[in-house]
Amino acid sequence: MAQIVRQSKFRHVFCKPVKHESCMSDIRVTEITWDSLFCDVNPKFIAFINRGAGGPFMVIPVNKIGRVDKDYPFVDAHKAPCLEVAWSPFNDNVIASCSEDTTCKVWVIPDRGLNRNLSEPAVELTGHQKRVNTIAWHPVANNVLLTAGGENVMFMWNVGTGEALLEISGHPDQIWSINFNFDGSQFVTTCKDKKIRILDSHTGEVVHEGMGHEGVKPQRAIFVKDGLILSTGFTKRSERLYALRAPEDLSTPIVEEELDTSNGVVFPFYDEDSGLVYLVGKGDCAIRYYEVNNDAPYVHYINTYTTNEPQRAVGFQSKRGMSSEENEINRIYKLTTKGVVDILQFFVPRKSDLFQHDLYPDTRSTIPALTAEEFMEGKNAAPNRQPVNAAAAAAAAKPKVQVAKKANILSTLAPTAAESVPTQSYSERPPSSQQPSPRPSASPRPRPVVDDDMGIVTMREAPPSRPASSRASRTEIPPKEESKVDPMKPKQAVQLKSRAARDEPGGGAQTAGQRRAAAELERIKRDQSRTADEDNTLAPPPSSSRASASPRGSVSAASDVGHVPQNMDELLEDLMKMKAVLRQHERRIRMLEEEIADRNMSNAYSF
């Protein structure tokens, strides 16, 4: 059963214009009557052919907002009206222009745009005898430009040297349009004789030829998916239409459909990454867009966007200038007759805010695949590719797990030799004669004790071990009953005692805090007496040349500047001396802090 609704991810593409407050305005476009777009755009700049003496055109940063001054710098390009401009696909600062003065010139725009009028081109290409109608850059080879003149002759130029690589003749009448295929090996032309021709880029020979549209008005043709040709033109009754043709039989269209009746030439724009085609009529208010694929009828209508102002100039942005965070698929810059640049953004609706890989395959890169010399040698190559959003593509790419093979280190070890090792069962105890004699009891070593109240680590003698039998005969000591504080008694009724009355043996019952403070004082006194003994023991002999009573002097004396320990025992001895000095300082600091705390408490409670 055939599907009623066509399945496509571009079926719901919609257009959302940017507000006029965020667009450029007051641009004076040229008034010449020539079937050209008068505009071209890249991710950095947008160029318009404007009014003025000779053939000037303006180059404006693409992110400029607001009114463009009348004295804004421009490119004073030609002596006669400029007919067409085209940006280089590999350098966003290089632009080519053609004119009625029979010349084609190449310009280099500064990175920050023009700050003064530019009148000196980087390269001037002279060879045509009449006006240069149209130009096209080679999509793969660097610095290769194709121009078509009014004398029905085309030139393939090496822009880097300014030399003509190839002269192509054979068209009996005026050439209206030229367009390269995917890899630049061929290009298609439309001519005033109503024929569509496909030519070889290296030799200039006609590969395929066929009749196009019947109308006498200009028609255009471009390469689309799988080498097919999409052409736009007129019927004998001035009805505009498009047709999809196979290169082997250009005279018989695969699909042909009428659009409307009008006099404006229809310009096709093709996005090779998505397969979308946009048909823009000169002087129209509508933009139609279609999808080209391999499913019949091959060209599927999507929608039409209509505005109130007709378009005077149109530019199609490359995929490198899209906003992939918003799922923007294409962007068209339309200059209206009022001088306002409308920015038309085309989006694919998606619920997810993540980068959509199916909408953004790798697009054409700014790195050329061929040089001009390689192209002239007859080489062809596919264009280089780059991700639309390199950061998002790298973040979403799944890391590849690589298992590194390492050498087996244990395989180099020799196996253990077989020896008769006596084994012993752990269930059998050795005889009493083989039991080791008990070790003599040594004096208990001091163990670190942490004081919960002061947070100080002290060294105390470990209590002697008790026999297991005494543990059973030990009686439990009943807990000490503490005096309960009446919670209903106000603090003002509490009678505070002095320190002397509190310390006396008959001074009455002491609180838990008082008992803890008294015990701490006793402990400090014992530590002081013990430290004095240790200092006397560890103190080095007095030196006649270096003697100091201050702690700093003791450190210097203990360290003996210039003395280098000769063995581990001397190093440990020096460390013990320094530890003794540090402990002395710590005790002095604690005593000073306690004295300050006692004084503050005495002052607060008037002891």
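Glycine is no exception: its Cβ is also placed from the backbone N, Cα and C atoms.
When the ranges 3-42, 83-122, 243-282, 563-602 are checked against Swiss-Prot, the one recorded as coiled coil is 563-602. In terms of DSSP secondary structure, the compositional bias 'Basic and acidic residues' (517-533) contains 17 helix, 0 strand, 0 coil. Counted with DSSP, the repeat 'WD 3' (170-209) comes out as 0 helix, 22 strand, 18 coil. Across the repeat 'WD 1' (77-117), the DSSP tally of helix, strand and coil residues reads 0 helix, 20 strand, 21 coil. Residues 36, 80, 83-84, 86-90, 96-104, 106, 173-180, 182-184, 187, 189, 201-204, 364, 368-372, 374-376, 380-383 of the same chain, all 6+ positions outside the repeat 'WD 2' (127-167), place their C-beta atoms under 8 angstroms from a C-beta of that stretch. Same-chain neighbours of the repeat 'WD 3' (170-209): 35, 133-134, 136, 138-141, 144, 146, 148-150, 152-154, 156, 216, 218-223, 227, 229, 231, 233, 245, 247-248, 250, 272, 375-376, 378, 380-383, counting only residues six or more beyond its ends whose CB sits under 8 Å from a CB of the stretch. Across the repeat 'WD 2' (127-167), the DSSP tally of helix, strand and coil residues reads 0 helix, 23 strand, 18 coil.
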